[in-house]
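Undergrad: Shown below is the structure under consideration.
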C-alpha cells in the first residue's frame, strides 16, 4: 500500500525495540467482571468530577456517578452494577504514588445495564446538542492526557479547522491497544470519524499510522475506503515519537505548531483512534465511556494480549487474569516504557487513559545504572523531536537557573524521553526537566500569591486608614454637637431667668399664651384686691394708705405689663403671615371683646359727660385707644379669615338657618325695644344694647355666609337672582327706614339719631349685597356669554338720569335753592355709578374679545390698519382745526373753534389710545410665542436690505463669482421671506 | 590675554547653560519615590510577617534600598536572598534564620472548637485571611493565608496552629533527581586515560 500524500519529516526521534509482537497474537478478549471497581474522580487535567451518588446507593452499569464541574472536566459512569461502598482517598495511577478521592463500587455480579439509547441519526441534532451528548457520555482523550473530547470538538466554533488528524501512530514500544482496535473494530473507528467530521467540518481528514502495523492498515483501508469523506490513510515510517501530537502534525502536513500555541491555531485538530470509537459508542449506541482496550504485556505475564477492560478495574485483577508471575515481575509500569509510570500498588485502578500494563522482568528492564557526568556529546540534541537543547536545559535545571531554562523553551519539551534514552551517561534528563518545570510553575504560583497578598495587605492598610479618618471625623462631629447642645442648654437657662422680667415671648420660641394669660389674670386679681383694700382703708380712714397706694401703683404696673405681654403674644401669630395656623375663633372673639370694651367705654364716657363728673379727658383717651385696638383686632381677624376660608367647604345651609333664626330674634327685640321707647320705659337703653348685640351677631353670621358662598361660587352656579331679590327687599327696607327716619326728624323724636344709625346699617348691608352681586356676576361672566347689551341699556338710562339730574342741579343753582348742595352730591353719586357701569361694560367686552381672540388667533378682533387710519384722520382734522384757529384774526370770537379743537383733540387721543392698546396686544401676542415684534421688524428690514444689496452685487459681478453670489442671494432671500411671513402674521 | 578671557567666558557660559539644563530636567523629570523599592518589594514574599524586624514587606524593601542586609527574610528563603543579590548586585549572604533550610510552606489553622470568638487574630492578620465576628467562631481562608504566623501570638486560648500544607495531587511536584556520580566512566580508572593520552 502506498501513500498518496507526501510524508514530511520531524527532527530527531529514536528507534527503540518495539516489543509489540508479543501482544498481537491473540484477539481482544473481555476482561472478567471485577468484584469491585475504583473510579478516581480526577482522571485528567482540569477539575475533578463531583460525586452525585451516596455510599450505599445501588448503581447500574453505565449510570452517571460523578458530574463534571467546570469546562475542562468529564462525567464519570459506573462500569458495573452494584453498590457504592466508599467515596474517599484511594491509590490512583500517579507518579507520586499518592492517594486521591475515588468512588468505590462493589459488584452485585449481575452486570445490569442502565436504560440507554443511541442516536442513530445524529445529523438531525444541532451541533452544540450533539457535543453535549458526547460530554454527557464522559468521553475523554484515550491517547495520553485524557483531555475532555467535547472541549476539542468545540474548537470548530472559534477556529477554522482545515484538517482533522486521526492519531493511529502508536509509536511507543509494547503498546498494541490501538493496533488491535484498528484490526478488529475499524467500522467503529469510521463511525467515530464521521461524527467528529460532522462536528468539525474539516476539508481533509488524515489517519496517521506507522508502517509497523500492516494488518491494521489493511483493516482501515477496508473500512475507510467506503467512506464518502475526503479521507487519507497516511503511512509513516516507524520512529519514536511520531505519535506525539505536534510530531504527527509535522509528519503529515509539514506544519509546525508554534511554541505556546495549540494545533487548532494552525487549523488542525488531532483525535486518537481510541477516542473515535468512544465517540461512536457514545453517539450511536448511547454507551458512556466505561471500558477501553488495554494491552497487558511484559515478560512476566503469561497471556500477553489486549483486553477490553472496564474503567476502574484494579490492575491486580488484570495481572491475575493474565497470569503474571509476581516473582519474576521486577517492575510494573502503567503506560509505555518511555513515558509510563512505575507503580507498586496493585490496587491502582485502570482509568480512561490507561492503555498498557507492563509487568517487566529484571532482564527486560534492568535498573537504571547510576547517572554520570554529562560529556557534552550532543546526542540528546540529535534526537530531540522538539528541536530543543536538552544538554543546555539539563545544566540550567541542575544549576537551578530556571529563568534561563525557561528562555531556552523548556516548556516546549514533551518529555518523550528520547534524550534520556540515548544519553551515554545515563543521565535522567527528563526528570531534570520535570523538576525544572515544576519549580518554575511553583515560582510563578508563589509570585501570583505574593502579588495577591500585597494587594490584600494594601487594601487592608487603606481600609484601616479610612476607618481612622472616619472615626476622627465622627469624634469631631460628636464634639461639635455636644458643644452646641451645651450652648443651647446655657441659652435656655439664661432665657428662663430673663423671660419673666422681660416678658419677651418671641425669644423663647413658641409663646406660651396660657401662661401669659394666667399671669395677666393673677396680676389683675391682685390689683383688684389691692384696690379694694385701698378703698376700704380710705373709707374707714385707716393708716398706711400711702403704702397701700404705692403697692397699688406697683401692682398696676405689673398688671399692665402682663396684659401687654399677653396681647402682644396674641397678636404676634395674627400679624405674621408665616404662621398659618392662626386661631380664627380666638381672633374673632378678640375682635368682639375689643368692640364690647369700646362700647362700654363709650357708654361710660357718655354717662360721664351727662353727669359732668369724672375725668372725661382720660375716658376719651381710653376710648380712642380702645377704638384703635378694636380696629386692629378686626383687621387681624379679617386678614386671617380671608387667608383661610377658601379651601374649606362650608355648610352654607346651616349658616343660613342660623341667620334666619337670629333675624327673627332681632326683629322681636327691635319690636320690643320700639314698644319700650314709645312707652318711655327705662329699660329701653338696655334693650337697645341687646338689639345691637344681636344685630352684630347677625351681621357676623351674614359675613360668614357670604364668604362661604364666595368660596363655593367658583365651583357652583351662582344664584344671582336670589341675590337680586334679596337686594330688592333690602332696598325696600332701606326706603322704609329712611322714610321713618325723616318722619322722626320732622316730628323731633329723640329716637331719630338711633334710626339714622339703623338706616346707615341697612344701607351698608345693601351695598355689601350689591358688591356680592357684581362679584358673582363677574365670576359667571368669563364662562357665560356676557350680556353687554343689557349693561349698555343700563348705562344709557343712567346717562339720561345723570343729564336730568345735572339739569335740575343747574336750575337749582340758578334759582339759589338751598337743596343745590344735596343735588350736587346726588349727581356725583349718579356719575360714579355711571362710571362703574361703564367700567363693567368695558370689562365684559374685554372678556368677549379675549374669548374671540382665543378662538381665532389669526383673525384679531381689532383691525390695526383701520385704527391707524382713524388716528391719522383725527390727526389731520386736528391740525386743520388748529391751522384755522391760527389763521383767524386776533380779537375775533374763537371760542367755538377752540371747543371744536378740544373735542377733536379728545377724539384723536381716544383713537390713538385704542390704536396703542391694540398694538400692545399684538406685541404681547407675539411675545407669547417667543418673538419680539420690534426685533422681528428690525430683522425683517435688515433681511430685505441684505436681499437688495445682494441683488445689486449680483448684477455687477463677474461671470465666475456669479454662482456663489447666486446661492448666497438665494439663502438671504429665503431668510428674508421667512422673517416677512412671521411679521405678516402679527401685523396683518 | 583676550584669548584667555574668551576661553574663560566660553567655559563659564557653557557651565551656566548646562547647569540650567540639568537643574530644569531634575525638576521636570523628577521621579516620585524610589523605583528600586518597588523592584525589591516585588521580590519579597509579601507574607507581611515582620520576621525581618520591619512592619511588613515594603518597609523592609525600603530598608534594603537604604543599605540593610538582604538575608533577613525567612519566608522567602535562600532563593529570595539570591534574587535580591542579583537585583542589587551585592554578595548573596546565607539566610539569617534559625533553620536555614528552605522554609516549609505553612498555613494557620484554627481549632474551631476552642475558638472563643475574640477577633484578636482577625486584627492581627495582615491580609484579612481570617473570617469571623465577635463571639462567633473564626476560621482561616487557606487560599489567602500567607503563613506569617502573626495570628498565633495574640490568640488568648492558643487555638491556632501553623500546619504545613497537606500534599495533594494538585500541589505535588516532581522532586529533584538525585545527583549521580559526577565522574565520567574513564575518570574512574585514571590510568587508562593517562595511557591513552600518553
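Quick reminder: no glycine exception, Cβ is built from N, Cα and C everywhere.
Remember, it's a predicted structure, so these values are computed and weren't measured experimentally.
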Undergrad: For the [4Fe-4S] cluster 2 site that TrEMBL describes with B:115, B:118, B:121, which of these is also annotated: B:73, B:148, B:155?
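TA: That [4Fe-4S] cluster 2 site, as TrEMBL gives it, pairs B:115, B:118, B:121 with B:155.
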Undergrad: Give the residue from the binding-site residues B:115, B:125 that has the most other Cβ atoms within 10 Å of its Cβ, counting over every protein chain displayed.
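TA: Max Cβ neighbours within 10 Å, all protein chains included: B:125.
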Undergrad: Could you tell me what the rest of the chain brings near the domain '4Fe-4S ferredoxin-type' (B:136-165), counting residues at least six beyond its ends with Cβ under 8 Å?
TA: 45-51, 75, 104-112, 114-130, 171
Undergrad: Would you list the other residues of this chain near [4Fe-4S] cluster 1 - those whose C-beta lies within 8 angstroms of the C-beta centroid of B:49, B:52, B:57, B:73 - in sequence order?
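TA: Filtered neighbour residues, in order: B:44, B:45, B:47, B:48, B:50, B:51, B:54, B:56, B:60, B:72, B:74, B:75, B:76.
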Undergrad: Short of 8 angstroms on C-beta distance to chain A, which of the listed binding-site residues (B:57, B:73, B:148) are there?
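TA: Listed binding-site residues passing the 8 Å Cβ cut to A: B:57.
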Undergrad: For the binding-site residues B:49, B:57, B:73, B:121, B:151, work out the Cβ neighbour count at 10 Å and name the residue with the minimum.
TA: B:49
Undergrad: Cβ within 8 Å of the [4Fe-4S] cluster 3 site centroid (B:125, B:145, B:148, B:151 excluded): which residues?
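TA: The answer, listed by sequence position, is B:108, B:121, B:124, B:126, B:127, B:129, B:130, B:140, B:146, B:147, B:149, B:150.
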Undergrad: Sort out the sequence-distant neighbours of residue B:145 ([4Fe-4S] cluster 3 binding site) for me: same chain, 6+ apart, CB within less than 8 Å of its CB, listed by position.
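TA: Looking at Cβ-Cβ distances below 8 Å from residue B:145 ([4Fe-4S] cluster 3 binding site), excluding near sequence neighbours, one finds B:107, B:108, B:127, B:129.
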Undergrad: Near residue B:52 ([4Fe-4S] cluster 1 binding site), which residues of its own chain have a C-beta under 8 A away, given they sit six or more steps off in sequence?
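TA: For residue B:52 ([4Fe-4S] cluster 1 binding site), the qualifying residues are B:60, B:63, B:72, B:73.
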Undergrad: Looking at Cβ-Cβ distances, which residues of the chain lie under 8 angstroms from residue B:118 ([4Fe-4S] cluster 2 binding site) while being 6 or more apart from it?
TA: B:134, B:155, B:156
Undergrad: Could you give the number of helix, strand and coil residues in the region 'Hydrophobic' (B:1-26) as assigned by DSSP?
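TA: Result for the region 'Hydrophobic' (B:1-26), in helix, strand, coil order: 25 helix, 0 strand, 1 coil.
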Undergrad: Among B:121, B:125, B:148, these being the binding-site residues, pick the one whose CA is nearest to that of residue B:57 ([4Fe-4S] cluster 1 binding site).
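TA: For residue B:57 ([4Fe-4S] cluster 1 binding site), the spatially nearest of the binding-site residues is B:148.
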Undergrad: Determine the minimum-neighbour residue: among B:148, B:155, listed as binding-site residues, which Cβ has the fewest other Cβ atoms within 10 angstroms?
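TA: Each of the binding-site residues B:148, B:155 was scored; lowest Cβ tally within 10 Å is B:155.
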